[in-house]
Amino acid sequence: MAVMKLWSMLLLMGLLAHASAQMDFFTSIGQMTDLINTEKDLVISLKDYILAEESKLEQIKKWANKLDHLTATATKDPEEYLGHPINAFKLMKRLNTEWNELENLVLKDMSEEFISNLTLQRQYFPTDEDQTGAAKALLRLQDTYNLDTDTISRGNLPGVKCESFLTAEDCFELGKIAYSEADYYHTELWMEQALRQLDDGEESSVDKVSVLDYLSYALYQQGNLNKAVELTKKLLLLDPEHQRANGNLKYFQYILSTEDDNNSSSKEESQPKESSKTAKKKSSVDYVPERKKYEKLCRGEGLKMTPRREKKLFCRYYSGNKNPRYIVGPVKQEDEWDRPRIVRFLDIISNEEIAKIKELAKPRLRRATISNPITGVLETAHYRISKSAWLSSYEHPVIERINQRIQDLTGLDVSTAEELQVANYGMGGQYEPHFDFARKDEPDAFKELGTGNRVATWLFYMSDVSAGGATVFPEVGAAVWPRKGTAVFWYNLFKSGEGDYSTRHAACPVLVGNKWVSNKWIHERGQEFRRPCSLSEQD
């Protein structure tokens, strides 16, 4: 009984550990570290429970050995044994008292403390939605960075320090989640990977029948009927009584025969069908117009800076147009792009300042929102996946000092700017192509602030990123890569007040690592004399 209870506990912990490993794609890495500590605490609690059970079993074992010896002696000649008054007394004592004590020991529940701890910690566990989100984030990374399933399954990602891999069961779960989203393209890829690993002899709780069931139907949904029939037949060799497979096979064969009849009756020569490989189509649930350009830039491809233009980019010491604070100690500035002009400031925020900002932000991190262009209401969106918090200058001298630094180096008034926004992008964290400024069809976007449109963006990089996580500008083919301690700056509006549509940008998904940024959106109000208007629309 105790052994069965122990195995039940181990199985439960295995499932919980699996759920924790999948984790929330809405959650920041900073907050996920708390879950690592939670899991560690539960493992310690589980080990304590195992030790308690082992101690209990050891006591019972000693009892069994002692009683085995006594009964072996007594049963040889019971009358002679009981003729000794001490033996008679001890027999009465054992049956009346000691066996009751042994019964209580066997019935004692050693798992109470562990179950109590588990119940307490369960409130912090990820949900089904979180696990689905993490799976979708992994699929997004697969598409953005052109990774094949075998590369991901083996954990062969750039910049990784911790070895990790996916089991056949993990691959099967990814395929199932894609299937539940009607994403048959990824269903096929991950069910094929699960099948390969099973064919290679990997031991798994998942069987080939289940994998082939999903895979054949995913192929059918993508129009590859011949392959669907082939795999369904393979499934039925393993399980001839599989009801759904038998029904599917008849249906697939019927459709094929119908197509053959139509083809034979047609006089026009039909074009050969595409192979399974070329017929695959990615899910377009989260389609954006510049998806291909955006993803190429995320991979470091498709950059449009010619050598001739690149020669015109310089690095310099910058005093903020002779700002008194920086005349003696100017900062290092370098050009990242010419049109739109994007500049990077180096060593502009210290490790100590970064640590303080993260410390202030972590307790407040919440799912990042966007302003609905029609209603103006803040809401979450699938294309912006990060956690963010807002910090005011009065909260800590570091925030006030940083705001002053931005004002000194840009020459713009930050008193009407938005609060410092701190964002953390965890697994697959991204922000798809967007504008920071409000377009003409969004007149009420910043109405509540009463400070006009967003004239400029200042973006601090507060961490290095092992792989991925670039800030890209699809309209112009620019990519800016995170470098801890630096900041980039650009104007969203021309001097005329018209929006600069070339500043449409995106935060690429983080492939490996943890991306911390903080940004300041500077508004029009207060810049009347700092950045005078121009009559030219594109000036």
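Numbers here mean position along the shown chain, with the first residue as 1.
Every residue, even glycine, has its Cβ placed from backbone N, Cα and C.
Marked as compositional bias 'Basic and acidic residues' by TrEMBL: 266-277.
Among the features that TrEMBL reports, domain 'Fe2OG dioxygenase' is placed at 416-524. Secondary structure of the domain 'Fe2OG dioxygenase' (416-524) per DSSP, as helix, strand and coil residue counts: 3 helix, 50 strand, 56 coil.
According to TrEMBL, the feature region 'Disordered' maps to 260-285.
Here the repeat 'TPR' (209-242) has a mean pLDDT of 96 out of 100. The repeat 'TPR' annotation in TrEMBL covers 209-242.
What TrEMBL lists as signal peptide is 1-21.
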Ask   = Would you list the DSSP helix, strand and coil counts for the residues of the repeat 'TPR' (209-242)?
value = 27 helix, 0 strand, 7 coil
